[in-house]
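Notes for the one structure printed next.
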Amino acid sequence: MLQTLYDYFWWERLWLPVNLTWADLEDRDGRVYAKASDLYITLPLALLFLIVRYFFELYVATPLAALLNIKEKTRLRAPPNPTLEHFYQTSGKQPKQAEVELLSRQSGLSGRQIERWFRRRRNQDRPSLLKKFREASWRFTFYLIAFIAGMAVIVDKPWFYDMKKVWEGYPIQSTIPSQYWYYMIELSFYWSLLFSIASDVKRKDFKEQIIHHVATIILISFSWFANYIRAGTLIMALHDSSDYLLESAKMFNYAGWKNTCNNIFIVFAIVFIITRLVILPFWILHCTVVYPLELYPAFFGYYFFNSMMGVLQLLHVFWAYFILRMAHKFITGKLVEDERSDPEETESSEGEEAIAGGGAKSRPLANGHPVGHPVVSNNHRKND
């Protein structure tokens with residue numbers, strides 16, 4: 001049964017053009033071809049990334065945060081209360097007025113005390129500024145290095161300038177060590193993001209980030225073993241070109257450098273729109289959708305790859321909406337809240353009254369808080 005499923009999954013007609021088999025992609029005459037088994041190394045490398053990230057955040061990002069005067073903020077903790085904790089975990093984090101009155105009768109606390117407890121309990125679950133800064137620092141470092149390395153891998157290749165050459169000789173295109181390591185490192189990094197997503201800073205597009213990471217891993221993996229490597233390197237470098245700008249804007253935001261953050265974010269928005277909404281659909285997608293049909297009839301792998309690319313393109317449009325909205329507010333000089341992260345609540349009566357009325361009021365952030373990771377995450381790709 002398992003052998004039958006295995007054989008069907010690796011059936012050549014699924015992943016390769018007509019009249020070609022996996023035997024055509026076996027190493028010969030000193031030429032090395034991509035193999036699915038090459039991807040096994042990405043899982044241990046992903047664990048290595050998590051270890052490297054831990055020490056980077058501890059010994060690089062934390063001292064850098066101290067230099068920028070970013071510190072852990074002391075938060076008042078909600079006192080243990082089984083009744084309120086049960087409601088918080090099962091029914092909701094912001095009780096309405098009627099629920100506050102019911103909880104008051106059950107716990108023997110006043111309405112004001114219950115409101116204060118829920119506010120402090122919500123703040124306990126919010127990531128600290130230092131945690132956000134360390135996460136942004138790690139991603140900035142990787143994306144910047146990945147972009148530089150990616151450009152070094154593709155800038156001297158003929159298909160970087162003439163995309164028809166992406167398919168020249170496809171799929172019998174040998175690989176070189178730089179392509180191999182570029183792929184393995186990128187895929188390992190996105191595995192590490194998926195492994196750590198539960199502990200990373202959660203934002204309002206949490207589900208979209210998961211979809212993005214999964215689609216990215218599928219695309220990178222498929223493009224490797226189906227030998228879409230030339231197109232894959234172009235797509236990865238394209239995405240890396242804007243991701244490091246977003247993370248640097250977030251770092252300056254957390255440090256309170258409002259003007260610097262806003263200026264970088266505007267640059268990021270321009271690069272994002274050009275790369276994700278212009279170059280990707282009108283150059284890259286045109287390359288993967290139109291040019292292959294000049295060589296071979298469409299096959300399952302062709303439809304599968306371009307379907308995953310379509311998923312990423314939809315995510316790019318989704319994120320572009322938030323990016324453009326925030327960029328417009330920066331340009332017009334309006335204060336901007338983090339549209340994808342909840343602001344921390346203060347110990348004010350205004351906040352208590354808001355909860356009693358059915359929801360906490362949000363307040364403008366002191367430094368404009370212009371960035372809430374409106375794209376991908378990075379977690380965004382190929383994937384974004």
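The backbone N, Cα and C atoms fix where each Cβ goes, glycine too.
Nobody curates TrEMBL annotations by hand; they come from automatic prediction.
Copied over from TrEMBL:
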type     : residues : note
TRANSMEM : 45-68    : transmembrane segment
DOMAIN   : 71-128   : domain 'Homeobox'
DNA_BIND : 73-129   : DNA-binding region
DOMAIN   : 131-332  : domain 'TLC'
TRANSMEM : 140-160  : transmembrane segment
TRANSMEM : 210-229  : transmembrane segment
TRANSMEM : 264-291  : transmembrane segment
TRANSMEM : 303-324  : transmembrane segment
REGION   : 338-384  : region 'Disordered'
COMPBIAS : 339-353  : compositional bias 'Acidic residues'
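Counting C-beta pairs under 8 angstroms (sequence separation of 6 or more), the transmembrane segment (210-229) fails to reach the transmembrane segment (45-68), with fewer than 3 such pairs. Through the fold, the transmembrane segment (140-160) approaches residues 56, 60, 166, 168, 178-179, 182, 185-186, 189, 230, 233-234, 236-237, 240-241, 243-244, 247-248, 251, 378 of its own chain, all at least 6 residues removed from its boundaries and within a Cβ separation under 8 Å. Residue counts for the DNA-binding region (73-129) under DSSP, helix first, then strand, then coil, are 36 helix, 0 strand, 21 coil. In the predicted model, the domain 'Homeobox' (71-128) shows an average pLDDT of 84.
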